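Novice: Below are the features I grabbed from Swiss-Prot:
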SIGNAL    1-26  signal peptide
TOPO_DOM  27-100  topological domain 'Extracellular'
COMPBIAS  41-53  compositional bias 'Low complexity'
COMPBIAS  54-70  compositional bias 'Polar residues'
TRANSMEM  101-125  transmembrane segment
TOPO_DOM  126-136  topological domain 'Cytoplasmic'
TRANSMEM  137-162  transmembrane segment
TOPO_DOM  163-174  topological domain 'Extracellular'
TRANSMEM  175-196  transmembrane segment
TOPO_DOM  197-217  topological domain 'Cytoplasmic'
TRANSMEM  218-242  transmembrane segment
TOPO_DOM  243-270  topological domain 'Extracellular'
TRANSMEM  271-295  transmembrane segment
TOPO_DOM  296-323  topological domain 'Cytoplasmic'
MOD_RES   S304  phosphoserine
TRANSMEM  324-349  transmembrane segment
TOPO_DOM  350-361  topological domain 'Extracellular'
TRANSMEM  362-388  transmembrane segment
TOPO_DOM  389-441  topological domain 'Cytoplasmic'
LIPID     C402  S-palmitoyl cysteine
LIPID     C404  S-palmitoyl cysteine
MOD_RES   S418  phosphoserine
MOD_RES   S434  phosphoserine
MOD_RES   S435  phosphoserine
MOD_RES   Y438  phosphotyrosine
MOD_RES   S439  phosphoserine
MOD_RES   S440  phosphoserine
MOD_RES   S441  phosphoserine
Amino acid sequence: MQPLPSLCGRALVALILACGVAGIQAEEREFPPAGATQPLPGTGEMMETPTETSWPGRSNASDPRSSATPQIPRGGRMAGIPPRTPPPCDGPIEIKETFKYINTVVSCLVFVLGIIGNSTLLRIIYKNKCMRNGPNILIASLALGDLLHIIIDIPINTYKLLAKDWPFGVEMCKLVPFIQKASVGITVLSLCALSIDRYRAVASWSRIKGIGVPKWTAVEIVLIWVVSVVLAVPEAVGFDIITSDHIGNKLRICLLHPTQKTAFMQFYKTAKDWWLFSFYFCLPLAITALFYTLMTCEMLRKKSGMQIALNDHLKQRREVAKTVFCLVLVFALCWLPLHLSRILKLTLYDQHDPRRCEFLSFLLVLDYIGINMASLNSCINPIALYLVSKRFKNCFKSCLCCWCQSFEEKQSLEEKQSCLKFKANDHGYDNFRSSNKYSSS
């Protein structure tokens, strides 16, 4: 039998390769006609395909199945006035069936691995008292947000890609993007809180505690969920179902409505891509870079004055810091292609450029690779914890392999020893502080 780390590593490589193949398959297709929209599996939203008009059905000029020349607007047009839309892109407009199947397989793998990994992670932290500390509770909050997204969003988005028509009603049309944005918000804010927590743990040695959840961590988790839900409300308000004519068929499409009723929602629709890129991608990277730099400087400054008895405790803190950094790195790698595709379209796309079709084809490939990579982020955190953290690896082995009758009984000897070391280090540090206090007085 192959060792479990090898199997996890191979499964992870297979998932990433599948995401790339899905993007390559998407490259072999061109764009659907104006008015058609494509579902974004794993993002909980619909994206208007890159056509020459933003409102579905407004013009048939970009439909390759229509006449070769653009239609003249009703009432004709005056001489000397150029047409409103450039010539259409040539090529087929069908989505490759192979891409649909590959995307479905990737979504099913994410669904299965995500449910198993995140539910196991929650069970480990809930059952094992040694794992109930501030950073792990934040990781549990992150896993719970991913689990909600996996259970609700991924099946619906997969069905949406295969069926094209939206059959679930207005309520689900608003709920799916709301949960998706709330889940990403929980992930982003949890990673920020973990990075700040690692710096505070190094900078304030009086905060050393063995087992238990600090009150401030509980307040942080409540704030993270409340802020994430509030920031996701515009998605529920703005998304709606519209009816579009597509080759003689009326399709119900769930998307961010092109015409919003309020000035705020119109501004949100206009600035959405930049808002998502800045808050949901750049913020956790900037926070992590800032506080990990401060943490490194603090550890180098205090290195000479640290007591040898605290070495085991410092090793545990370095492992936690390495784990948090790994989670942030995985998040950045998974979400970079999708955000890069959207930003490139906003900054470089010109509908009057004669080479726009090739550029849109490249963006479409990048977009679909990004969609699958973003979905992968919902299931990859437990795998990353297993590969990086020895403590989580032991707990995952005990919980998944079922070596004993119950989780409490099968807790490894190494975990018990780590708990004893944790308490002993705290006691040793208290004695160290007391001796310094009396010696200074």
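Cβ atoms here come from the backbone N, Cα and C positions, even for glycine.
Quick one: where do these features end up spatially?
Specialist: Across the topological domain 'Extracellular' (27-100), the prediction's mean pLDDT works out to 44.
Beyond the ends of the topological domain 'Extracellular' (163-174), by six or more residues, the same chain brings 39, 156, 235-237, 239-241, 251-254 to within a C-beta distance below 8 angstroms of the stretch.
Sequence-distant contacts of the transmembrane segment (218-242), counting only residues of its own chain at least 6 positions beyond either end whose CB sits under 8 Å from a CB of the stretch, comprise 44-45, 56, 137-138, 141, 145, 166, 169-170, 173-175, 177-183, 185-186, 189-190, 193, 252-257, 260, 264-265, 268-269, 279.
If one looks beyond the transmembrane segment (271-295) by at least 6 residues along the same chain, the residues whose Cβ comes under 8 Å of a Cβ in the stretch are 184-185, 188, 191-192, 195-196, 198-199, 202-203, 231, 256, 321, 324-325, 328, 331-332, 335-336, 339, 342-343, 346.
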Novice: Under a Cβ pair cut-off of under 8 Å, which of the recorded stretches 101-125, 137-162, 175-196, 362-388 contacts the transmembrane segment (324-349) most often?
Specialist: 362-388
Novice: Cβ under 8 Å, sequence separation of at least 6 from the ends of the transmembrane segment (137-162): give me the contacting residues as numbers and ranges.
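Specialist: Residues 39-44, 46, 100, 103-104, 107-108, 110-111, 114-115, 118-119, 121-122, 125-126, 168, 172, 175-176, 179-180, 182-184, 186-187, 190-191, 193-194, 197, 213, 217-218, 220-221, 224-225, 228, 254, 327, 375, 377-379, 381-382, 385.
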Novice: When you scan the chain for residues with a C-beta under 8 Å from the transmembrane segment (175-196), skipping those not six or more beyond its ends, what do you find?
Specialist: 43-45, 135, 138-139, 141-142, 144-146, 148-149, 152-153, 156-157, 220, 224-225, 227-229, 231-233, 235-236, 239, 254, 256, 279-280, 283-284, 287-288, 291-292, 324, 327-328, 331, 377-378
